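All remarks here apply to the structure that follows.
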Amino acid sequence: MNYKFEFRPYQRKFKRPLQTSHGIWEIREGIILRLTTDNGKIGFGEIAPIGWFGSETFLEALDYCRNLPNVISDRTIFSIPPNLPACQFGLESAWESATLKTQFKSAFSEDKTPASKSNHSGLLPGGEGALLGRQILWMQGYRTFKWKIGVLPFQRELRILQELVLALQQGTCDPPVSLRLDANGGLSLAEAEEWLKICDQLGGIIEYLEQPLPVTELQAMVGLGPRFSTAIALDESVATLPQMQSVYRQGWRGIYVIKPCIAGSPSELRQFCNSHQIDAVFSSVFETKIGRKMALKLATEIKNSSHRATGFGVDHLLESDKILELLW
Ligand SMILES: O=C(O)CCC(=O)C1=CC=C[C@@H](O)[C@@H]1C(=O)O
Ligand SMILES: [Mg+2]
């Protein structure tokens, strides 16, 4: 089957630059794709790369799109090289929505069913901003939160964490309130041990410590697991499907933070997760509604051995994607 292929690059600003131990992120760049079948069916997809996180760069993805012809075949869509995982996700999603039931009325048709915030984790602002941010997200209905560490000096972050936990522990909640800490691979082994010791003393409110060490330190993270009661989640270490498969082969049976939009082919990801018991948390890459729709659809199709809140509570951090309706 052949499809008319169109693509539109976009930019979305973070309301406040996102600070992680990788650095500062001010503008989210991505590409919206549209496939049109011979009988006029339309499918949208999104390429939302994060080069510094483990996928291809935005420019590599844009270059790939620019080198595709105006008409492409199934064969092209299912033979995208594995070093372009965000392109694999975007094109296969557009194919799926053009050829299967997931028809989009328009590129950004509003999701009528407002997802309850309780099954998403709200990403808190970095540093002291987390304290006010937690109040705002709490009022919006979030009961799972994530906060980035390894950005400020340790003692300062420790003080903020203590205030944050105190505030979260006010009153009882069902399901229980939880807080995730994300180091983005920015800690040393000694710092990770220090953080895990503190987490263990906080009475179970810390759901997990995400990517404490760099991707190169997998065995050290495997070694940390049995020593602390606080769980460890891998994120940068499992950014793409080939990395997930390799980490699984090396014995990781802890939590996998899966970012569908940069992991690669949705069908191959579904296959891998459904043939292995993966304790997965599905996570956003600050994509638009297009990417999110396909990512969350994929999450529902993956027999997930855990039912953890997804990491898609990020909309409040970016300017609206409504403007992107003008792309077409
Ligand atoms: O996973 C979440 O809760 C929200 C998304 C999120 O935290 C991230 C998305 C993309 C890159 C990073 O800044 C960050 C992460 O490391 O998980
Ligand atoms: Mg992370």
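Using the three backbone atoms N, Cα and C, a Cβ is placed for every residue, glycine included.
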According to TrEMBL, which candidate in D182, D200 joins E210, D235 at the Mg(2+) site: D182
Neighbourhood of ligand 1 - recorded positions from K148, D182, D235 with Cβ under 6 Å: D182, D235
Per-region confidence, the domain 'Mandelate racemase/muconate lactonizing enzyme C-terminal' (129-231) (mean pLDDT, whole number): 95
Non-site residues, in chain order, whose CB comes within 8 A of the mean position of the CB atoms of D182, E210, D235 at Mg(2+): K146, R180, L181, A183, N184, L209, Q211, A233, L234, E236, V257
Neighbours of K148 (active site, proton donor) among the recorded positions E210, D235, K259 (Cα to Cα, within 10 Å): E210
